[in-house]
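Quick notes on the structure that follows.
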Amino acid sequence: MNLHEYQGKELLSSFGVRIQRGIVAQSAKEAVDAAKQLTEETGTGWHVIKAQVHAGGRGKGGGVKLAKNLQEVEEIAGQIIGMDLVTPQTSAEGKRVHQVLVAEDVYYPGESEPDEFYISVLLNRATGKNMIVYSTEGGMDIETVAEETPDLIHNEEIDPSTGILPFQARRIAFNLGLSGLAFKEMTKFVTALYTAYDKSDASLFEINPVLKTSDSKIMAVDAKVTLDANALYRHKDLAELRDLREENQIEVEAGALGLNYVDLDGNVGCMVNGAGLAMATMDLIKQAGGEPANFLDVGGTADAARVEAAFKIILKDPAVKAILINIFGGIVRCDRVAQGVIDAYKNMGNISVPIIVRLQGTNADIAKELIDNSGLDVMSATEFQEAADKVQTVLA
Ligand code: GDP
Ligand code: MN
């Protein structure tokens, strides 16, 4: 589950990580009030207005702007709220902005130049350890840095049983070229950052940029936080931060029905029981010259109600030109599933795309008979290859 920048920053702050302070606003008027309050609390005269959407690269798309007075705060917030923000990480339609973060300007002039770093914490699945990836090249696309100057990206492996050790925090601060107050600030910053990552069961913290201010404070200017959805039951407060508006609407609906559904770009809808079979089915569709429109695992209990719910979910995707149902009847008997498909089909009435049903396993022969004699526009198959051939025929 992804958090908004403002939510991520609040989480960081609660663990003692210094952040660029800000207040979230839903309208231009609220933005002005927020700016006034920030000026009172921090003394800042300038504010940055930042679109809150689940996508990076907002700066490049015009979703992060500096306001030098309250009138500019109002104007810029008015422009950004309601816009469809297109960034290198969104689709061409962009993402609708519902709220902005009004933040204090932290790039103020002073005794030294502000400097931007990159720091992320994530799980290294190969070693079973966490790692802190960091670079002096902050504020830019880390993928570009990795491609062009990989030597400038460092990596500190953290053993989850000990957590980050003081010498590791010092090594990071050293490799980032810091000294004096900034060095000390950085050791505190990464230690608190790692603790926040660990204690919130996150799978990714990406802070880009981490800023050294002109007076040598180290703070998070941006925050991309991904929490491990499987651990959310331990964090009721964090689970509440989920913003359904940011997620794929069909996936949200499927999730509410208990279906494992992932939306994809292709034209063949799939309804399968079991994740392994679902993946094999997607390969089969590709082999037949189609592209899967989704991954959908209906689970072990494919009764009529579930099959109907799954049909409805698949058909919400206008790109679907055919549906392949591929069910292995182990615990659930094939004739039950076949009856479920027939009932769902009759119930829904107006399914206009061809459906290929492959049922294999217990009572597969009875199931095939049921489908063939149902009088519905449903093609049956018992073999994998047969199903593939039928998909190919209907797509031709
Ligand atoms: P992203 O583009 O989605 O990654 O959003 P960021 O939060 O990283 O902001 C984009 C850029 O805005 C940063 O890299 C900074 O250069 C700039 N920025 C952020 N906060 C401030 C600020 O307080 N003052 C100024 N002048 N620039 C800022
Ligand atoms: Mn950023």
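Including glycine, each Cβ sits where the backbone N, Cα and C put it.
Values in this document were obtained by computation on a predicted structure and should not be read as measured data.
Here TrEMBL has Gly330, Ile331, Val332 binding substrate, and the candidate from Asn273, Asn294, Asn350, Asn373 in that same listed site is Asn273.
Sparsest Cβ environment among the binding-site residues Glu116, Asp222 (other Cβ atoms counted within 10 Å): Glu116. In the three-state DSSP scheme, Lys50 (ATP binding site) is classed as strand. For the pair Glu116 (ATP binding site) and Asn208 (Mg(2+) binding site), the C-alpha distance works out to 8 angstrom. Rounded to a whole value, the Cα-Cα separation of Gly330 (substrate binding site) and Asn208 (Mg(2+) binding site) is 49 Å.
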